[in-house]
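Novice: So Swiss-Prot lists the following for this protein:
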MOD_RES   M1  N-acetylmethionine
CARBOHYD  S110  O-linked glycosylation site
MOD_RES   S110  phosphoserine
CROSSLNK  K115  ubiquitin cross-link
MOD_RES   S177  phosphoserine
CROSSLNK  K208  ubiquitin cross-link
REGION    232-263  region 'Disordered'
COMPBIAS  253-263  compositional bias 'Basic and acidic residues'
Amino acid sequence: MFRNQYDNDVTVWSPQGRIHQIEYAMEAVKQGSATVGLKSKTHAVLVALKRAQSELAAHQKKILHVDNHIGISIAGLTADARLLCNFMRQECLDSRFVFDRPLPVSRLVSLIGSKTQIPTQRYGRRPYGVGLLIAGYDDMGPHIFQTCPSANYFDCRAMSIGARSQSARTYLERHMSEFMECNLNELVKHGLRALRETLPAEQDLTTKNVSIGIVGKDLEFTIYDDDDVSPFLEGLEERPQRKAQPTQPADEPAEKADEPMEH
């Protein structure tokens, strides 16, 4: 994308009917590390890939706790996500204090849509540069919602956002018919397999770079990090690309592996 006379402010329309500042914010989501959300009849699961800014830094948190029945995973600007997460927590607290009941997931997503729409229509403001996957469980069952910097939000059976997320979405589309009948362990494994598709061929999922969030019937939202992720990774089969590569004798050069597709 290149600068032009129609991208100076979010209130300026281009002749093609586009708002470039919003499109730039959507690009920020694509730069964030990938995250996957999917649901069955009883549970909703978030799986996220964590990044470290440098070898000296700890991995950033990608899954955040909102309420006992809701959690989010993020892709994009972490600072913007932190602000939206605090807003969501406050709304959930208000619901419990005023009405003595958990806030319905769809109502919370609607409030987030209204809040993120305001900067897209006011001079001198910029859109939030973060996309959210919201997992929750209420009287209507498990939910996975996606929110965008454009203030649109979508109710999904499964979704992936972030860098190279198209590979994960392809996996989800291919196996979507299996999710509703899955037990919790199988659902998490599907999420891990989809997330693994976003990695280059030479990398794999580890306890350091994966975070898992689970919520469901009779199960409050729980985040699994570091060693807590091990039981889920142990049951995961090896990547098909690695299985297909036989060990080459020392005197025979190994064939060059296919380059991972860029998305």
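Quick reminder: no glycine exception, Cβ is built from N, Cα and C everywhere.
Quick caveat, the model's predicted, so the values are computed rather than measured.
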Novice: I'm trying to understand the geometry here, so how far is the Cα atom of S110 (O-linked glycosylation site) from the Cα atom of S177 (phosphoserine), in Å to the nearest whole number?
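Specialist: Each residue's Cα considered, S110 (O-linked glycosylation site) and S177 (phosphoserine) end up 27 Å apart.
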Novice: Would you identify which of the recorded sites K115, K208 has the most other C-beta atoms lying within 10 angstroms of its C-beta?
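Specialist: Top count of Cβ atoms within 10 Å goes to K115.
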Novice: Counting other Cβ atoms within 10 Å of each residue's Cβ, which of the recorded positions S110, S177 comes out lowest?
Specialist: S177
Novice: Kindly assign K115 (ubiquitin cross-link) to one of the three DSSP-derived states: helix, strand or coil.
Specialist: helix
Novice: I'm trying to understand the geometry here, so how far is the Cα atom of S177 (phosphoserine) from the Cα atom of K208 (ubiquitin cross-link), in Å to the nearest whole number?
Specialist: 30
Novice: Can you tell me the CA-to-CA distance separating K208 (ubiquitin cross-link) and K115 (ubiquitin cross-link), as a whole number of Å?
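Specialist: K208 (ubiquitin cross-link) and K115 (ubiquitin cross-link) have their Cα atoms 33 Å apart.
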